[in-house]
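As given in TrEMBL:
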REGION    1-118  region 'Disordered'
TRANSMEM  146-165  transmembrane segment
TRANSMEM  171-192  transmembrane segment
TRANSMEM  204-220  transmembrane segment
TRANSMEM  226-246  transmembrane segment
TRANSMEM  258-277  transmembrane segment
TRANSMEM  308-325  transmembrane segment
TRANSMEM  332-355  transmembrane segment
TRANSMEM  375-392  transmembrane segment
TRANSMEM  413-432  transmembrane segment
TRANSMEM  452-485  transmembrane segment
TRANSMEM  506-534  transmembrane segment
DOMAIN    562-676  domain 'STAS'
């Protein structure tokens, strides 16, 4: 961040700490690479051994309140133009950067703020923004951005209300519980979240996982079902906060792309199967995917025609609006039309189920009334919900990050934990991010979490005065909304992409979907993660390797298998193993290195190029010792090249550096080849 300062040196705006506001020129004295290497272009363009010194020049005053290009005079008396910088605040975890603006048409050109808008207007500082990172972007706001956030918040609310009503039904709860959970989650995330655009609240995945975890424990008791759902949300929140304290943000990376796509496909199929009863009017008594499908197929003779027609009509409206008028809020339009049809045609008289009366007003703050035994039974499901919800949060937040924003994985744990704790206290159920609502907010120009604040206010209005409208809403329409959302979760394009890229990636995605359907959500996801780890170990255990040689016309050394015209140095075997050395590949490395030595007619040195080896474990160290012992008996010298500093420390601690000899460890391949030739001269290549 560039702070106002009254001093600028050598035409550079400087902050109070003495940091230069000007970006370093490549290779110049302030270039970090030049400082690190001690190399940089001299004044005549040649490379100098050290960066040229910067002469001190007289300073000049610059009014701190003005953000316009400033003129400073250097020591020679010639005027030098300093480009002005504009201060801009970013979200938590982002790099606070100053953007350099070139004046147009003279030195008096006004500096424009970063981004697509101008006319920055400070609406007021937020003290303690580090404690409230989600709202830190509001420290500097301009009128167009505020208007965009207001529009985004209203649009998100239009989609959110019918969606969360449906997701509450998926979780086996009263529809209004979705609104309660939304108010809690949106408020907490707006304060603590690190993403400017992420919209949180009830979502299909957490709703399905809630139903699967709670239904066996509730035994058909609606009150107990609601209490256990709230307790599950609170327990998810506690686990997320504890993970934040332990800095376990890296867990978001455990779900690879194939696992995520396969998991979402399985969730989508579970959602569709769970709505078959609502769509058709068939009384389906199930709980798992197989039971739901079997119940619907077995009750085809009990289809309720008015319910089926209504659900088909709502699905048709959703599809047509998405294809023809994508900017319209299709779910909201479907809700209004279904509610109007229910009232005009008196659909309840025809046997069409409706949401019914909802508790008026706002929910009360209360801790879930459950015992220690219930909490123990919910611990494993809460762990699964937390892992899936957190991974979804981070992946969605990163997908919608823009303008250099960085989503802080650890901060997301805290924000998600607070959102779930708040949802539990407000009698809701576990929450996560919503990719669809986030995309909607971004599409209409949302800029910050101010959009979430607007959404909260509108949802509160629905809770206070919208009860009669919600009571007349048909549950068949809710089922259609869920099916529509589920279909959008499936990405056949991703499956085709996996098939083109690598067969194992497609296998993992299909296996994840199958495991989620057959074993349940949590067990299926854990099985898929285990399968991904096995695939990773398989690839690490048998990586690419090669013997390196010189290729005419190409600098450096290259794999002789890739370049048939490559030549090796007689007696010198340069071998590269392209993976970290660990227990999974230690023996494979030793065997293949010996095979490379055996392939040379008169080997004198084995030079291990360790540029791809970032670390070793003790099993790999033992394999290296065994390799040295074997080659020593054959009279072959072992040497190392391109050893990273961290790896060298491991070799020192293990004693392997002393075993090989410090004089046999080289920083580059050319120095190693030169040392070999000096010790055992051979014809030049």
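Heads up, the Cβ atoms here are built off N, Cα and C, so glycines get one too.
Heads up, TrEMBL stuff is auto-annotated, nobody curated it.
Contact count against the transmembrane segment (226-246) (Cβ pairs under 8 Å) is highest for 171-192, out of 146-165, 171-192, 332-355, 452-485.
In this model, the domain 'STAS' (562-676) carries an average pLDDT of 95. Of the candidate ranges 146-165, 332-355, 375-392, 413-432, 452-485, 375-392 has the most C-beta pairs within less than 8 angstroms of the transmembrane segment (506-534). Below 8 angstroms of C-beta separation, residues 123, 175-176, 178-179, 181-182, 199, 201-202, 329, 331-332, 334-335, 355, 434, 436-437, 440-442, 444-448, 450-455, 457-459, 462, 470, 473, 478, 481, 485 of the same chain, each at least six residues beyond the ends of the transmembrane segment (146-165), sit close to that stretch. Within the chain, the transmembrane segment (332-355) has long-range Cβ neighbours (under 8 A, six or more residues past its boundaries) at 158-159, 161-162, 165, 175, 278, 281, 304, 306-307, 310, 313-314, 317-318, 321, 469-478, 480-481.
The DSSP breakdown of the domain 'STAS' (562-676), given as helix, strand and coil counts, is 56 helix, 21 strand, 38 coil.
For the transmembrane segment (171-192), the partner stretch with the most Cβ pairs below 8 Å, chosen from 258-277, 308-325, 413-432, is 413-432. Tertiary neighbourhood of the transmembrane segment (308-325): same-chain residues 278-281, 331, 333-334, 337-338, 341, 347, 352, 474, 476-477, 479-481, 483-484, selected by CB-CB distance under 8 Å and a gap of 6+ residues from either end. Residues 134, 168, 171, 173, 177-178, 180-189, 191-194, 200-203, 205-207, 209-210, 226, 229-241, 243-244, 248-249, 363-368, 385-386, 388-390, 392-393 of the same chain sit 6 or more residues outside the transmembrane segment (413-432) yet have a Cβ under 8 Å from a Cβ within it.
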